[in-house]
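Data first, discussion second: the structure below is written as structure tokens.
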Amino acid sequence: MDLEEAEEFKERCSQCAAVSWGLTDEGKYYCTSCHNVTERSQEVINTDLIPNTQIKALNRGLKKKNNSEKGWDWYVCEGFQNILCQQAEALKNLGIGPELKNDVLHNFWKRYLQKSKQAYCKNPVYTTGRKPTVLEDNRSHSDWASEPELLSDVSCPPFLESGAESQSDIHTRKPFPISKASQSETSVCSGSLGGVEYSQRKEKGIVKMTVPQTLAFCYLSLLWQREAITLSDLLRFVEEDHIPYINAFQHFPEQMKLYGRDRGIFGIESWPDYEDIYKKTIEVGTFLDLPRFPDITEDCYLHPNILCMKYLMEVNLPDEMHNLTCHVVKMTGMGEVDFLTFDPIAKMAKTVKYDVQAVAIIVVVLKLLFLLDDNLEWSLSNLAEKHNEKNKKDKPWFDFRKWYQIMKKAFDEKKQKWEEARAKYLWKSEKPLYYSFVDKPVAYKKREMVVNLQKQFSTLVDSTATAGKKSPSSFQFNWTEEDTDRTCFHGHSLQGVLKEKGQSLLTKNSLYWLSTQKFCRCYCTHVTTYEESNYSLSYQFILNLFSFLLRIKTSLLHEEVSLVEKKLFEKKYSVTKKKSRSKKARRH
């Protein structure tokens with residue numbers, strides 16, 4: 001279609017009366033406003049071939065679409081492969097070693113392609129009519145050491161480049177050596193081969209790949225490498241655009257055309273949810289039949305002792321609390337290697353929510369020290385305030401009220417900025433998705449109008465330039481002793497809430513209330529329920545603060561706190577259970 005060549009045609013459109021024409025591949029004029037195609041063709045005068053002769057109504061004839069319009073023949077799995085490659089590169093830029101991309105994620109993806117019968121098998125499911133047979137070689141799926149031999153390159157080259165290949169080579173070469181597609185495969189319903197079939201495919205026992213599943217693959221790879229990134233960190237980096245996720249398809253090579261059913265496959269219009277990605281991680285790990293992951297030991301970043309220290313620093317709590325969190329970890333057995341290590345082939349495959357668990361332990365310690373009943377914490381704050389006024393040269397006691405006031409102000413400011421950033425986020429991609437090539441001009445025109453309106457609106461609302469993407473950081477709050485505007489509580493003492501008894505320290509508070517008195521049945525979809533009105537304001541604030549840090553629902557953190565308490569006060573729960581059983585027996 002050539003708009004410049006159609007400028008000479010000045011007649012009005014019979015449908016919409018507009019004078020805006022373009023040329024089809026057959027040489028006929030069409031209206032760019034309503035897409036009405038006329039019977040008129042372009043008049044071409046060519047005096048070079050036939051002297052003194054005017055040629056009218058020259059039909060250029062049907063011609064094969066050029067490569068720039070049609071693009072490559074590509075499969076859906078190649079699209080997800082490209083997204084995984086983008087995410088792996090982003091993690092590499094964040095400081096993760098290249099082994100995650102070249103070794104771990106590479107092998108996980110190859111294993112998925114084989115187990116889902118899309119590649120690395122004799123007859124890939126999208127290239128022939130019959131179902132392929134996965135190459136077993138009479139070996140166990142869990143034999144990870146023999147996996148490179150098990151995966152023979154039948155229909156798909158390696159996902160990641162070798163040392164000799166550059167990153168640019170991946171985007172310039174055609175990833176899959178695919179034979180000429182049939183008419184049904186190159187349907188206008190999808191830009192990818194088999195896009196319609198993929199969107200309708202429902203096969204029992206097969207984990208269907210989606211864009212959120214790519215984050216599950218990334219987290220599995222990080223967990224295998226025991227990298228210093230938790231699931232909440234990963235999702236926050238996605239939210240801050242450090243890791244491609246929303247509109248990741250716009251970074252596909254130009255030759256990979258997306259339209260039709262590809263919209264539903266690669267288009268994402270919501271932020272990734274912690275619980276959803278967590279479940280998908282277990283689902284993918286189980287489907288791939290992966291062996292037991294490397295042990296999570298005490299020197300590993302994901303161990304609760306290290307994560308507790310990290311989050312204590314994050315929320316400006318005293319360093320002395322770390323001894324108490326370590327004690328809770330030891331008493332509950334949550335620091336044991338077998339408890340922390342992910343084993344997908346175990347009977348009940350599950351992995352620990354490392355970040356949520358660490359935060360829940362801190363909440364339990366705060367309840368042990370201050371009770372958080374909207375009464376005792378303020379009484380202890382009065383004692384700490386009086387002591388600090390009398391002993392200004394000594395190490396200050398931790399004042400819960402002062403900490404609450406400072407943290408609430410910082411939390412409200414941070415949350416407001418976060419909500420504003422979410423409200424201003426541009427969901428529409430720079431590369432619009434459309435259903436067919438007929439809709440392409442309309443889609444790009446709409447996109448152009450949206451961009452212009454956004455520029456005008458931003459000029460009217462805020463004349464200041466929009467801040468650029470902030471650099472990635474493991475911490476969202478920064479507290480230093482040099483900050484004169486905000487008090488740093490890291491070096492404050494817990495003497496006001498602890499008392500000595502022999503060689504040990506005990507809490508002055510001898511009371512404790514359980515977050516959950518009775519857990520839900522095993523067939524229920526949740527462990528416990530959370531209603532804010534049933535709990536103290538102090539407890540609500542603590543949960544809201546940590547939930548914001550991890551970008552999780554408050555109910556999820558409350559559930560984890562209840563599970564920590566169940567392990568810590570196991571005897572108390574068992575006594576309660578026996579009493580309830582005895583009451584039932586008396587009734588009968």
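Heads up, the Cβ atoms here are built off N, Cα and C, so glycines get one too.
Quick look at what Swiss-Prot lists:
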type	residues	note
BINDING	CYS13, CYS16, CYS31, CYS34	Zn(2+) binding site
MOD_RES	MET1	N-acetylmethionine
MOD_RES	LYS440	N6-acetyllysine
REGION	40-68	region 'B-reader'
REGION	69-73	region 'B-linker'
REGION	74-261	region 'N-terminal cyclin fold'
REGION	262-372	region 'C-terminal cyclin fold'
ZN_FING	4-39	zinc finger
Structural state census, the region 'C-terminal cyclin fold' (262-372) (DSSP three-state): 63 helix, 0 strand, 48 coil
Under 8 Å by Cβ from CYS13 (Zn(2+) binding site), counting only residues of that chain that are 6 or more apart: VAL19, SER20, CYS31, SER33, CYS34, ASN36
Candidates CYS16, CYS31, CYS34: member of the binding-site residues with the richest Cβ shell (10 Å): CYS31
